Amino acid sequence: MESESESGAAADTPPLETLSFHGDEEIIEVVELDPGPPDPDDLAQEMEDVDFEEEEEEEEGNEEGWVLEPQEGVVGSMEGPDDSEVTFALHSASVFCVSLDPKTNTLAVTGGEDDKAFVWRLSDGELLFECAGHKDSVTCAGFSHDSTLVATGDMSGLLKVWQVDTKEEVWSFEAGDLEWMEWHPRAPVLLAGTADGNTWMWKVPNGDCKTFQGPNCPATCGRVLPDGKRAVVGYEDGTIRIWDLKQGSPIHVLKGTEGHQGPLTCVATNQDGSLILTGSVDCQAQLVSATTGKVVGVFRPETVASQPNVGEGEESESNSVESLGFCSVMPLAAVGYLDGTLAIYDLSTQTLRHQCQHQSGIVQLLWEAGTAVVYTCSLDGIVRLWDARTGRLLTDYRGHTAEILDFALSKDASLVVTTSGDHKAKVFCVQRPDR
């Protein structure tokens, strides 16, 4: 039986300030918004009318609708244990990235080594449209804050944006070699970091652009802070910069002994944006105050386990931080390392609380909203759920025949969507016992 999830909306949020572009002047100004919902037509006209308010519509989930019979591009079963509900199999090479539409969590976009990106439906794996035109591996993909736009970026620096409802391309740009890409949390504004050290910011689909020039080395990771006014960017030389998106200048710069001693690999912020966590190939995670720009804590695993299955060609002595994040309900942070260590740190005491070992390197971790459960995916192709309070493994999900390269978690934590070197993306239905 097949059914489709109906769209819905987030709860009311107070009016927010506006980020604006002014042509070639590279000036961003903050404008107070009048109460009431914005006119969508205004967003597509003047740059000063960019709206940061979240859409206010009702959202309704769908708890059924899984299709068990194979369709074109959907694998219903495979040899060995497979806990997944749906497998998307239209990619012909490794699938590098996945993102879910934030408004309804009913659509996914995936990008791969086959130079292709697809937008498809989670409930049955049905292809909605292909994001065509890339000429290199698609390593970044994501939906805008209101799920109306989807962006894809390839390694060569070609970025494209499509209107989801019309399935039409509305914008494209060729930057330098792409390192990361992220939508602004409240506006149709796209940010990206490139190998030349620049961080780019575009109004979509107008295309008005602003650049933030970093050191003469790749901008390896970045994240817009929750207030939408600042962004933190990490660089290959170990430098961390917190940028003011209004002024176009760095508020804080951490470098030398203040920064990392190796390239930045990942960055995360807590819910209110007061704290930033950065990870590096130097095996350290640094806790930084977003207000003062000072390092307030440094985390490193107490013991470094032997590194089983870190991958062919990897240097065994390297134990980089691969992923990290903050718990939303407790003062905890999780750090995942290449050697397979998941470290849970207590932020209030800045001590290691639990150390959970995987059999192979961790690729990514995500916290479940509203709980102390952290999800990990690793090079052994398994998704694991951990209770950060006890360090206990709750359950795992299997089905891939190669390493997992990325994963996404639905807002209600009912679905996990993974991508893998086995050329497939999978949807897992998560059982949620009382936490």
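Cβ coordinates come from backbone N, Cα and C, glycine included.
Worth saying up front: this structure is predicted, and the values here are computed from it rather than measured.
Marked as compositional bias 'Acidic residues' by Swiss-Prot: 39-63.
Under the heading phosphoserine, Swiss-Prot lists Ser20, citing similarity to another entry as support.
Under the heading region 'Disordered', Swiss-Prot lists 1-65.
According to Swiss-Prot, the repeat 'WD 1' annotation covers 90-130.
With a threshold of 8 Å between CB atoms, the same-chain residues lying at least 6 positions outside the repeat 'WD 2' (133-172) that come near it are 54-55, 96-104, 107, 109-117, 119, 178, 180-188, 190, 192, 194, 202, 204-205, 207. Residues or ranges marked as repeat 'WD 2' by Swiss-Prot: 133-172.
Among the features that Swiss-Prot reports, repeat 'WD 3' is placed at 174-213. For the repeat 'WD 3' (174-213), the model's average pLDDT works out to 97.
The repeat 'WD 4' annotation in Swiss-Prot covers 215-255.
The repeat 'WD 5' annotation in Swiss-Prot covers 259-300. For the repeat 'WD 5' (259-300), the DSSP-based tally of helix, strand and coil residues reads 0 helix, 22 strand, 20 coil.
Swiss-Prot lists 316-355 with the feature repeat 'WD 6'.
Across the repeat 'WD 7' (357-396), DSSP classifies residues as 0 helix, 23 strand, 17 coil. Taken from Swiss-Prot, the feature repeat 'WD 7' covers 357-396.
Marked as repeat 'WD 8' by Swiss-Prot: 399-434. Cβ atoms under 8 Å from those of the repeat 'WD 8' (399-434) belong to residues 61, 63, 66, 75, 78, 80-89, 91-100, 102, 105, 108, 110, 112, 122, 125, 311, 360, 363-364, 366, 368-369, 371, 373, 375, 377-383, 385 of the same chain, restricted to positions at least 6 beyond its ends.
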- Message: Can you break down the repeat 'WD 3' (174-213) into helix, strand and coil residue counts using DSSP?
- Response: 0 helix, 24 strand, 16 coil
- Message: Could you give me three numbers for the repeat 'WD 2' (133-172), the DSSP helix, strand and coil residue counts?
- Response: 0 helix, 23 strand, 17 coil
